[in-house]
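Trainee: This is the structure, below, for whatever I ask next.
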Amino acid sequence: MTSKEMGGGSLTDQSQFLPLHTRALLHHTSANRVFAVVYLCAILALLYHHFLALLHTTTVVSLLFLLADAVLAFMWATAQAFRMCPTRRQVFIEHLQHVAKESDYPALDVFICTADPYKEPPISVVNTALSVMAYDYPTEKLSVYVSDDGGSQLTLFAFMEAARFATHWLPYCRKNKILERCPEAYFESNPSSWFPEADQIKLMYEKMRVRVETAVKSGIISHDYMNSKQELEAFSRWTDGFTSQNHPAVIQVLLECGKDEDVMGHTMPNLVYVSRGKGINLPHNFKAGALNALLRVSATMTNAPVILTLDSDMYSNDPQTPLRALCYLLDPSMDPKLAYVQFPQIFYGINKNDIYGGEARHTFQIHPTGMDGLKGPIYLGTGGFFRRKVFFGDPSETSELKQDHLGSKSIKSRVILASAHHVADCNFESQSQSQSQWGTKMGFRYGSLVEDMYTSYMLQCEGWKSIFCHPKRPAFLGNSPTNFHDFLNQTRRWSIGLLEVAFCKYSPITYGTRTINLLSGLCFAYYSFWPIWSIPITIYAFLPQLALLNYVSIFPKMSDPWFFVYIFCFLGAYGQDYLELILSGGTTQRWWNNQRVWMMRGLSSFSIGSVEYILKSIGISTFGFNVTSKAVEEEQSKRYKKGMFEFGVASPLFLPLTTAAIINLVSFLWGIAQIFRQGRIEDLLLQILLVGFAMVNCWPIYEAMVLRADEAKMPVKITLISIVLAWALYLASSIAF
């Protein structure tokens, strides 16, 4: 697609010498490649050692360790794909004027998804919407669509309030050219940077926030807050039979460009509330289904050629972000198969040392940089600027999705609204053969709980490419779970979705490596097989410890050359991981916490998610989509800021952690005692080191089980069950060994 087709102007002679962007390989790429060869030799040597041991004597223990190390080798091999061509890009917004005039910018539709007003507070969603409505972008070309998949009148009310406040907030932002255009973030900043009218604007915001939060808390929307008969009528669709899983489509145009104006007399961007229709006996396909409904509704109303998707809490932190995306989308020298420009997920509110590894720097920053040198990064579920045509192939497959026949009608007109309600109906996707292509050949793809990764994977299989744009000032900032149970539950849900991709007929390890290319296919394989980390982590968390309790040596002696192969493999993997995080701007403490949580997830959410996937695959178990809570209690927030883990609930997700913690502690103490009593430290040194390392990582669990008395401590029930499980494992091991 050329810049003219996207709405851009023609290149001037000067623009031919002024690049819109540059790219370069990272400096440590050569070192990555050399180390990969050296480390591969060590892995092959270790696997050879395992096979020699099997030839000598085949036991369950030797087979389990071979399995563990084979999985570690597989995951290491797939991870190397990220390290072969890591790319850093830079954009030059100031050169954009030489490619296109502002009046020629393509229209932009912004999709914001929310699903539960109690887990995703409406005031947070409102802040996200207001931050993008205030973009440095032509207002007449900007439309914001809010998908309320919970069908809550509380969310609709919040956005009615937001529409009124926006008439004051948007002109304030543009007049004073402020960078923080999320009201909550701006009013929490240093007041010395505020402008004279800021206090008045803040008072308006606080009144709006109180009204919205009062309504959410009480569950009742006071008629005193309604400013017109039309606003009252909007809530008439919430009848007695209206539930979050069974209701007709609700579409409300809250602001219309060209009709609604701000307090300065300038036109407002379009703001549209959408709650797609749902039926109890019809699949709704979770977030992918909600996004596809927005694709169709927006096509009938504004049909912008560029689409930005955002999570409910991921607010804009840079008003010029769309211009950064245009530096790629409007560049006529770019590959016409460029599907989307992905910005990283970066989080605010994470405590100093990031105790839960919520920053996920590898997933959201380091690995996308590695994929950027190949066919491009995965879609991260938010912060992606897409070309609309990517989702439709042919301009549009049905007459309802063509805007030509609508002419220049108002988006509030009966014709437009009737068409929008039709395509948002719960039966729309099953009404004809062409419409049943939604989720397979059109729109965001169905078939996995991780619709973001799966969609980008299938797009790359079809030949599309992507770009990772990582500016110094974060384009978007979002929330990360501050509750450990929520964090593990989120990872459990991802594990199920990732395995759905790993073992589908388009598995990245077989189909992806052939269809895209070897390295890109391996990158997607790394993501999709992520949950199988649980296999080696679980084996190494229990088997050496149980052997130590039975005074059995299972690793090479200190005098054996194979001892140093184990040490090199351990230090090499951890050292490379550490250097990557430090070079990307991380800290040593954050790296330590990240590797600790990686082990915890491997024992808990990866393992349980894998079991759930297997049960679901054979028809024994079903599961649903659980929204990760963005609501944070005050006491919980205080504990999180102090770096204290949040347990508090008797969840099965904690059982593997507490059981492993108990076994590691007991085996370490027993092993040390036996060494002092009988010697043989040379035989057991590797086991002692491994168990000691695991025990140090278990400190937050010991603290929660024994030392803490607050409400977030480990429930006694979980501790007692874990003691019983640990004892049962010991008895079983004493027979096996």
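Placement of Cβ uses the backbone N, Cα and C atoms for every residue, glycine included.
Note that the structure is a prediction, hence the values are computed from the model and not measured.
What TrEMBL records for this protein is below:
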type: ACT_SITE; residues: D149; note: active site
type: ACT_SITE; residues: D452; note: active site
type: BINDING; residues: K119, E120, D149; note: UDP-alpha-D-glucose binding site
type: BINDING; residues: K287, D311; note: Mn(2+) binding site
type: TRANSMEM; residues: 34-54; note: transmembrane segment
type: TRANSMEM; residues: 60-79; note: transmembrane segment
type: TRANSMEM; residues: 524-543; note: transmembrane segment
type: TRANSMEM; residues: 563-583; note: transmembrane segment
type: TRANSMEM; residues: 647-672; note: transmembrane segment
type: TRANSMEM; residues: 684-702; note: transmembrane segment
type: TRANSMEM; residues: 714-732; note: transmembrane segment
Trainee: Considering only Cβ pairs under 8 Å, which range in 34-54, 60-79, 563-583, 647-672, 714-732 makes the most contacts with the transmembrane segment (524-543)?
Mentor: 60-79
Trainee: Top stretch among 34-54, 60-79, 563-583, 684-702, 714-732 for CB pairs under 8 A with the transmembrane segment (647-672)?
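Mentor: The listed stretch sharing the most Cβ pairs with the transmembrane segment (647-672) is 714-732.
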Trainee: In Å, rounded, how far does the Cα of K287 (Mn(2+) binding site) sit from the Cα of D149 (active site)?
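Mentor: Answer for this pair: 8 Å between alpha carbons.
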Trainee: At its widest, how many Å does the recorded UDP-alpha-D-glucose site span between Cα atoms of K119, E120, D149?
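Mentor: Between the most distant Cα atoms of the UDP-alpha-D-glucose site, 13 Å.
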Trainee: Same chain, outside the transmembrane segment (60-79) by at least 6, Cβ under 8 Å from its Cβ: which residues?
Mentor: 39-40, 43, 46-47, 50-51, 53-54, 522-523, 525-526, 529, 532-533, 535-536, 539-540, 543, 547, 554, 573, 736-737
Trainee: Can you tell which of the binding-site residues (K119, K287) has the fewest other C-beta atoms within 10 angstroms of its C-beta?
Mentor: K119
Trainee: Measuring CB to CB from D149 (active site), give everything in the same chain under 8 Å that is also at least six residues away in sequence.
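Mentor: The list for D149 (active site) reads C113, T114, A115, S275, R276, H284, K287, A290, given in order along the sequence.
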Trainee: So what sits near D452 (active site) in its own chain, CB-to-CB under 8 Å and at least six residues off in sequence?
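Mentor: Non-local contacts for D452 (active site): I378, Y379, L380, G381.
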Trainee: Apart from its near flanks, which chain residues at least 6 from the ends of the transmembrane segment (563-583) lie with a Cβ under 8 angstroms of it?
Mentor: 28, 35, 39, 42-43, 45-46, 49, 76, 361-362, 366, 555-557, 590-591, 594-595, 685-686
Trainee: Restricting to the same chain and to sequence separations of six or more, state which residues have a Cβ under 8 Å from that of D311 (Mn(2+) binding site).
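Mentor: Residues satisfying the criterion: I112, C113, T128, G381, T382, G478.
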